[in-house]
Amino acid sequence: MALDEESPLVDQIQAGNQTFNHGRDVHILSWAFLLIFLAYGAAQNLQSTINTDGDLGTISLGILYTSFTVSSLFASSVVRMLGSKNALLLGTTGYWLYIAANLKPSWYTMVPASLYLGFAAAILWVGEGTYLTSTARSQAIDHKLHEGTVIGHFNGLFWGIFASHQLVGNLLTLALLKDGTEGSTSGTTLLFTVFLGSMTLGTVLMAFLKKRDGEETEGERDSSLSFYTFLVSLWKQVVTPLCDMRMLLIVPLIAFSGLQQAFVWAEFTKYYVQPSLGESGVGGAMAVYGAFDAICSLAAGRFTSGLTSITLIVSCGAFLQGGILIWLLNYSEPTGVLSIVCPLLIAAIWGIGDGVLMTQLNALLAMLFKHNMEGTFAQLKLWQSASIAVVFFLSPYISLQTMLFLMLAALILSVAGFFFLVLKVEKVFSNHDS
């Protein structure tokens, strides 16, 4: 069977009542992530506004994503030992601690919290990718559905609900901080207290997930692994995937997905949204970004069934992002009603681009690397977090124009690598079929 063979999603509805069991876990996972990240995402967007003493907010984010990058090197081994559900629960503790640190922001609270969150986030995201893919495979096997279709559908559902965190979190921020009160101690205290409550609910919801340990690894996990065994596992999970030409060709696209996210958080809001809409408009623009991200994720997931559909969807997303980068290179601040419309339009298109990349990258990795899910999703978060950290650390030292040119070059390189991968994989399958 070819990798891009289609299978109608309506079969999923006809498969019987058992379908609900796997769908239940996907919905629990998705809503738990929404509750956790509506708090974290909004808090991240506010860092450069509320924690300005010595650039504490921006520097803490740079520390966070550096820790995330380093932790991604061994996150797959930790997930393999703990199991994906336990890894998810452990990962939530870092986000809770980071929000708590924002109630009393200082170098003594934010730096340790950022370091620990980097570790926890790596564990959480590798656990998420492993758990979601395992759930999709169970659905496909139990009901004899096309695996690529189910993986695409489940990824679209998860990322669609998850992407709503930007919309919900930023609207909550607007409601509680109101206009011009970002620096108000009482306003931020109330906001972060509500965020802690949301994260607690998300963590409790995560506890209701069904364990899938037997499905997500081929071997038996041993919690008392020796240091030598741990190093061997680390080599297998981190270095071995990079010996696969397919992974090397995907890495540039993974890195670009991190670059475009960090650009929106660090540069777009600062240089394009704030001058036109003011500080209070940042939350509104990010809400638009989140809304279109969610809608695009759901739509892209519905249309994902294999390599052909992934290629088409990624091509459309890359074309949109390339057009926006060229527009921003020649951007002049508009006047009148266009000063409101243009930033929001750009935010919407960026949201569409992010929705495309996140759903399709996760689906593509799940389809191509079936036998090392933990290591594969560790690679995803390793290169994403590294590129995000680069943007946060580089942005104070390079001009906006230079950043845009770097982004455009990275997009061209990543798309070229992706197309080469598609040709390589299709050639393998055509040779196999013949």
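Note: Cβ is positioned from N, Cα and C throughout, glycine not excepted.
Values in this document were obtained by computation on a predicted structure and should not be read as measured data.
Under 8 Å from some Cβ of the transmembrane segment (26-44) lie the Cβ atoms of residues 61, 88, 92, 95, 98-99, 102, 128, 131-132, 135, 154, 157-158, 160-162, 164-166, 168-170, 172-173, 191-192, 194-196, 198-199, 201-203, 205-206, 208-209, 265, 283, 290, all in the same chain and six or more residues away from its ends. For 26-44 (among others), the entry in TrEMBL reads transmembrane segment.
Same-chain neighbours of the transmembrane segment (56-75): 44, 46-50, 98, 105-107, 110-111, 113-119, 121-123, 125-126, 234, 238, 266, 374, 378-379, 381-382, 385-386, 388-389, 392-393, 396, counting only residues six or more beyond its ends whose CB sits under 8 Å from a CB of the stretch. According to TrEMBL, the transmembrane segment annotation covers 56-75 (among others).
The transmembrane segment annotation in TrEMBL covers 115-133 (among others).
If you look up TrEMBL, you'll see 154-177 (among others) marked as transmembrane segment. With a cut-off of 8 Å between Cβ atoms, the residues of this chain six or more beyond the transmembrane segment (154-177) that come close are 26-27, 29-31, 33-34, 37-42, 45-46, 132, 135-136, 139, 184, 187-188, 190-191, 194, 280, 283-284, 286-291, 293-302, 304, 351, 354-355, 358-359, 362-363, 366.
As annotated by TrEMBL, transmembrane segment applies to 189-209 (among others).
Positions annotated as transmembrane segment by TrEMBL: 247-266 (among others).
Residues or ranges marked as transmembrane segment by TrEMBL: 310-330 (among others). Residues of the same chain lying 6 or more positions beyond the ends of the transmembrane segment (310-330) and with a Cβ under 8 Å from any Cβ of it are 152, 253, 260, 272, 300, 303-304, 346, 349-350, 352-353, 355-357, 359-360, 363-364, 401, 404-405, 407-408, 411-412, 414-415, 418-419, 422.
For 336-359 (among others), the entry in TrEMBL reads transmembrane segment. Here the transmembrane segment (336-359) has Cβ contacts under 8 Å with residues 152, 155-156, 159-160, 163, 166, 253, 256-257, 260-261, 264, 268, 272-273, 276-277, 281, 284-286, 288-297, 299-301, 304, 313-314, 316-317, 320-321, 323-324, 327-328 of the same chain, all six or more residues outside its ends.
Feature annotation from TrEMBL assigns transmembrane segment to 404-423 (among others).
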Answer key: the stretch among 115-133, 189-209, 404-423 with most Cβ pairs under 8 A to the transmembrane segment (247-266) is 404-423
